[in-house]
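Listed in TrEMBL:
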type	residues	note
ACT_SITE	HIS189	active site, proton acceptor
BINDING	CYS197, CYS200, CYS248, CYS251	Zn(2+) binding site
DOMAIN	65-342	domain 'Deacetylase sirtuin-type'
Amino acid sequence: VIELHFPKCRYSQSVPLSGAECPLSCERMRMSFGLTFRTAKGRWVANLSQQCSRGSTGLFVPPSPPLDSEKVKELQRFITLSKRLLVMTGAGISTESGIPDYRSEKVGLYARTDRRPIQHGDFVRIARIRQRYWARNFVGWPQFSSHQPNPAHWALSNWERLGKLYWLVTQNVDALHTKAGSQRLTELHGCMHRVLCLGCGEQTPRGALQERFEVLNPTWSAEAHGLAPDGDVFLTEEQVQSFRVPPCSRCGGALKPDVVFFGDTVNPDKVDFVHRRVKEADSLLVVGSSLQVYSGYRFILTAQEKKLPIAILNIGPTRSDDLACLKLDSRCGELLPLIDPR
């Protein structure tokens, strides 16, 4: 449970960690969060004070123009003509669920702070880096894991159920597509809800690791400022120093979230699998991705080589705007539910 106190709109209550919508009109929620975490009878409690207007779900979504009815009709026609549609999603589909991204103008991590994501090589080589990562992730996990699918995730799941969506490739690690029921799915960069041992390769649920953290750190507390995109928060080095990280219960090796960190590469077998799905498709729709990361951009190049029609739904420019036959700057959750997949 998270205690929310909104001083300007005088609205306070206890709500699930996914956040609450403020019923009053006031200034936009600030980007800086103050969170104090402490143990209470073996359970973690978070006290959060912030200013809000529209609630956390819209906090990390960049501004976008009003829906263009003609553009909506063009996307409807694109989807209607598609028989084997492949959809690739990025962080822009999950910002509407309250998860920040890296690159969105004014609201992404790069725009808000000078912090940068952890590098794979540093995590693997340096125990102190792993300790800092897991301390931050431990604090952020209750909120990150509680995020729920938004209308865009549900729309794509419905397209699959109705036979319109041939395959879904996501660059996200938040499991929101899985929560929405998508099954014809490749998680290109892995999933934060799984933990991988760097020694023996064993996979375990992230929730089980959270319980081990609590046992090892019964009196540890920390105050965090700001949310990061991949399930963690910002802590000081002093707060991190006393945090204890358990090893793999099977072999004693170091534990890592089952995701592709920056500086790492996607498994070649997974890349080949997605290339085959792209070649089997007859059209490709990008949803909420700037395509700046090559791991996703390469599939656009494959689609171009196959002369597949490409449509892009993303607020702001992307790396492949010049390759698309249709580009839309709209919120994913506003536009996708308007499309009839039948």
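Cβ atoms are placed via backbone N, Cα and C, with glycine included.
TrEMBL does not curate its annotations; it predicts them automatically.
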Same-chain residues at least 6 positions away from CYS248 (Zn(2+) binding site) with a Cβ under 8 Å from its Cβ, in sequence order, are CYS197, GLY199, CYS200, GLU202, ALA254, LEU255
Integer Å value for the Cα distance linking the residue listed as 'active site, proton acceptor' with CYS251 (Zn(2+) binding site) is 25
Should one count Cβ atoms within 10 Å of each candidate's Cβ, the binding-site residues CYS197, CYS200 would be headed by CYS197
Checking the recorded positions HIS189, CYS251 for other Cβ atoms within 10 Å of each Cβ, the smallest tally belongs to CYS251
For Zn(2+), residues beyond CYS197, CYS200, CYS248, CYS251 with C-beta within 8 angstroms of the site's Cβ centre include exactly LEU198, GLY199, GLY201, GLU202, PRO247, SER249, ARG250, GLY252, GLY253
For the domain 'Deacetylase sirtuin-type' (65-342), the averaged pLDDT of the predicted model is 91
